[in-house]
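So that you can see what the record holds, here are the features copied from Swiss-Prot:
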| type | residues | note |
| --- | --- | --- |
| MOD_RES | 25 | pyruvic acid (Ser) |
| ACT_SITE | 25 | active site, schiff-base intermediate with substrate |
| BINDING | 57, 73, 74, 75 | substrate binding site |
| ACT_SITE | 58 | active site, proton donor |
């Protein structure tokens, strides 16, 4: 049996752009993708802290070091520039691997620059 776990997340990233006319996806600064172990075209869940929207999309690379977090296509209607979002990736693990797996949690500042990376999440800690 397999179990789906959070593989990584980028916590409280600031939306820099929402581009309705693009084909679709979320564009993420390549530095953030690397830090969170998220691949191009990987499916992610996006949670908007400002309005409560949750949706899935796929990732495309943004310019390294730019801080870019841009929602494209239909997803652009679900967020606004300046919103704080959480970008979550998931992995499928067998139960033995799941017992020892440690996710990556990437914390960013208001300009989407990495300020900390942790391998666990505890209630009440940011």
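Every residue, even glycine, has its Cβ placed from backbone N, Cα and C.
Packing around residue 57 (substrate binding site) is summarised by its Cβ count: 19 other Cβ atoms lie within 10 angstroms of its Cβ, all protein chains included. For residue 25 (pyruvic acid (Ser)), the nearest neighbour among the listed binding-site residues (57, 74, 75), judged by C-alpha distance, is 57.
Residues 57, 73, 74, 75 make up the record's substrate site, and a Cβ search at 8 Å around their centroid adds 24, 25, 26, 55, 71, 72, 76, 77, 78 from the same chain. Taking a C-beta cut-off of under 8 angstroms and a sequence separation of 6 or more, residue 74 (substrate binding site) has the following same-chain neighbours: 20, 24. In three-state terms derived from DSSP, residue 75 (substrate binding site) belongs to a helical segment.
In this structure, the CA atom of residue 73 (substrate binding site) is 11 Å away from the CA atom of residue 58 (active site, proton donor). Each residue contributes its Cα atom, and for residue 75 (substrate binding site) and residue 58 (active site, proton donor) these two points are 11 Å apart.
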